[in-house]
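*Asks:* First the structure, which I've put down as structure tokens, then a few questions once you've had a look.
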Amino acid sequence: MKILSAAQMSWVDQQTMKDQEVSSLDLMERAATTVFDEIKQLYPRLAQYTFYIFCGKGNNGGDGLVLARLLDQQQAQVNVYLVDATDYSTANLANQKRLSAHLIQKISPDTQVHIPAGAIVLDCLFGYGLKRPLAEEWRSLITGINCCTGPIYAIDMPSGLLSDGPTAAEAPVIQADVVYTFQSPKLGLLMPGNSRWAKAFRVLDIGLSRSALEQVDTIFHYIDLALLGPFYRKRSKFDHKGTFGHCLIIGGSRGKMGAVQLALKAALRSGCGLASAYIPSCGYTSIQTAVPEAMVISDPEEEMITQFPDTRTFQSIGVGIGMGTAQYTIDAFKVFIMQGLDTALVLDADALNILAQDRDLWQFVPKGSILTPHPKELSRILGTWQNDFEKLEKVKAFAEEYQLYILIKGANSAIVTPDGTVYFNSTGNVGMATGGSGDILTGILTALLGQGYSSQETLIMGVYLHGRAADIAVQTLGVYSLLPSDIISHLPAAFLELEKQS
Ligand SMILES: NC(=O)C1=CN([C@@H]2O[C@H](COP(=O)(O)OP(=O)(O)OC[C@H]3O[C@@H](n4cnc5c(N)ncnc54)[C@H](O)[C@@H]3O)[C@@H](O)[C@H]2O)[C@@H](O)CC1
Ligand SMILES: Nc1ncnc2c1ncn2[C@@H]1O[C@H](COP(=O)(O)OP(=O)(O)O)[C@@H](O)[C@H]1O
Ligand SMILES: [K+]
């Protein structure tokens, strides 16, 4: 799914009116009705609820006015607070007239509101039309709304949050529990720094012109199952273990051997033909026992890796998890990386930490390799950033300079390719915030790369399935109790969904 900017949304909006011969008013009715359907599903007995609907002067406010009419028709208690203006949009004005006047109360940006307990707030002050951060005069209204005890649903965007650029931490912005955004996710909804304003969002299909959506050119994409379908490979009857690659996980140190176990199990659940590990010798028995399907080569040293194996017979190599940064390991890793390998690697954890200490090493990392840093590892590599948008630019520049694929891990993990394309993940949940989740991802990615998927395909598919397995798992286990190993045990269900869709 494409992620569109405000300007692109506006263009698609205009094209839709032409292509489908509908008016702005029709489109607004359609958009607001999709939100109304969602709200009705959440609160089937609408007549028992009170809604506080805050409307601006543009089309986002127009959506709010339509919603107010639809809710009023279902006997919900409706209170509309409309910002007083002289320049309402045409569709906004038309919808004011279609609503009983006694429901509307005019307010100004500095009005202080008090929302009673139990009321539901619909935020329709500003959508993608917000051009710059809201001025100070809006603070009292926004703060009043944010102080409500009930849920806040934002229409299209939380008001005050910019769709395409950074919003200052201290800016007045609505803190939405759920954002119902139209047709395409907006960048502002995906950035971790904006999470207190957009706690969750849902993309609602409002039937905008397919051909217009296809024509829009963007570097930003949102990963869904449809994106994986075209490159997912079905297996044939005569395939054998040699077809699916021999993957190697290099990592582990005394006390951190579990990382390698998790990665191996995840690799085996992700379809590799053969899986091997290279580890310090203290882990030999535990790995052989815990993962009988895997083969183990051990370093002469007990506690840490002091030399790297000959990797020429492996189709893919994942390096760094649980590996530690003992000087012997650092020295051995440097020799390994400086030999000039011709296979793309999956580099995580301590492999990244070692590389981060010596910028001269990056030139030796094979082109097309995959880096999977979490935020701390990323800052060790790139230094600091002012906001998520600047972080993304820094990652893009680095990915291009060294021709690498970089995954910025977290909620809505972002894949950045060497040509500057960015894919945001749509799966995953906070239950994954437990040590070990990343080791599993390394296993999945190494297995997919070894099966011949390109680095880009590996990342799109691996990151999606990793999160999807966790999403399936939390349906029965919940976010508090989810263990990284539960992600592995639910990988089959995630793969089955993909198999069915393809
Ligand atoms: N295809 C679509 O995308 C559709 C969009 N619709 C709605 O229309 C919205 C966009 O409508 P508009 O373009 O009218 O924009 P908005 O309603 O988001 O806001 C625009 C108004 O806010 C003012 N404004 C912008 N920045 C400001 C600031 N910093 N301080 C004070 N005022 C500011 C503008 O001058 C303008 O009057 C979408 O977010 C969505 O809710 C739907 O009604 C129909 C379908
Ligand atoms: N709140 C969250 N929502 C979605 N995914 C998450 C969340 N927190 C963590 N994850 C995912 O879990 C994994 C954690 O990786 P990482 O921090 O490297 O863990 P570790 O190294 O301890 O195994 C990443 O893939 C990340 O995207
Ligand atoms: K809004």
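Our numbering is plain: 1 for the first residue shown, then up by one each step along the chain.
The backbone N, Cα and C atoms fix where each Cβ goes, and this holds for glycine too.
What TrEMBL says about a protein is an automatic prediction, not a curated fact.
What TrEMBL records for 9-214 is domain 'YjeF N-terminal'. Taken from TrEMBL, the feature (6S)-NADPHX binding site covers 59-63, 127-133, Asp156, Ala259, Gly322, His374, Asp439. If you look up TrEMBL, you'll see Asn60, Asp123, Ser159 marked as K(+) binding site. The feature domain 'YjeF C-terminal' is assigned by TrEMBL to 224-498. Taken from TrEMBL, the feature AMP binding site covers Lys409, Gly410, Ala411, Asn412, Ser413, Gly438.
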*Asks:* Measuring Cα to Cα, how far is Ser159 (K(+) binding site) from Asn59 ((6S)-NADPHX binding site) in Å?
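*Replies:* Approximately 13 Å lies between the Cα of Ser159 (K(+) binding site) and that of Asn59 ((6S)-NADPHX binding site).
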*Asks:* Take the Cβ of Gly410 (AMP binding site) and count every other Cβ within 10 Å, whichever protein chain it belongs to.
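*Replies:* Step by step: centre on the Cβ of Gly410 (AMP binding site), count other Cβ atoms within 10 Å, giving 18.
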*Asks:* When you rank Asn59, Asn60, Gly62, Lys131, Asp156 by Cα distance to Lys409 (AMP binding site), which of the binding-site residues ends up on top as the closest?
*Replies:* Asp156
*Asks:* As a check: which entries in Gly62, His374, Lys409, Gly438, the binding-site residues, place their Cβ less than 6 Å from an atom of ligand 2?
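*Replies:* Cβ under 6 Å from ligand 2: His374, Lys409, Gly438.
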*Asks:* Near Gly62 ((6S)-NADPHX binding site), which residues of its chain come within a Cβ-Cβ distance under 8 Å, counting only those 6 or more away in sequence?
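*Replies:* Result: Met28, Cys55, Ser89, Ala91, Asn92, Ala94, Asn95.
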*Asks:* Do any of the binding-site residues Asn59, Ser159, Gly410 touch ligand 1, in the sense that the CB is under 6 Å from one of its atoms?
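*Replies:* Result: Asn59.
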*Asks:* Would you list, in sequence order, the binding-site residues among Asn59, Tyr128, His374 whose CA lies within 10 Å of the CA of Gly438 (AMP binding site)?
*Replies:* His374
*Asks:* Nearest by CA distance to Tyr128 ((6S)-NADPHX binding site): which of the binding-site residues is it, out of Asn60, Gly410, Ala411, Asn412?
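*Replies:* Comparing Cα positions, the candidate nearest Tyr128 ((6S)-NADPHX binding site) turns out to be Asn60.
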*Asks:* Fewest other C-beta atoms within 10 angstroms of its own C-beta: which of the binding-site residues Lys131, His374, Lys409 fits that?
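*Replies:* Comparing Cβ neighbour counts within 10 Å for the binding-site residues Lys131, His374, Lys409 gives Lys131.
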*Asks:* Please check the binding-site residues Asn59, Ser159, His374, Lys409, Ala411, Asn412 against ligand 3 and give me the ones with CB under 6 A, sequence order.
*Replies:* Ser159
*Asks:* Near His374 ((6S)-NADPHX binding site), which of the binding-site residues Asn60, Asp123, Asn412 can be found within 10 Å, Cα to Cα?
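*Replies:* Qualifying among Asn60, Asp123, Asn412: none.
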*Asks:* Are there residues of the same chain, six or more positions away from Asp156 ((6S)-NADPHX binding site), whose CB falls under 8 angstroms from its CB, and which are they?
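*Replies:* Residues satisfying the criterion: Asn60, Asp63, Gly127, Tyr128, Val179, Tyr180, Thr181, Phe182, Lys186.
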*Asks:* Just checking, which of Asn59, Asn60, Asn412, Ser413 (binding-site residues) has the fewest C-beta atoms within 10 Å of its C-beta?
*Replies:* Asn412
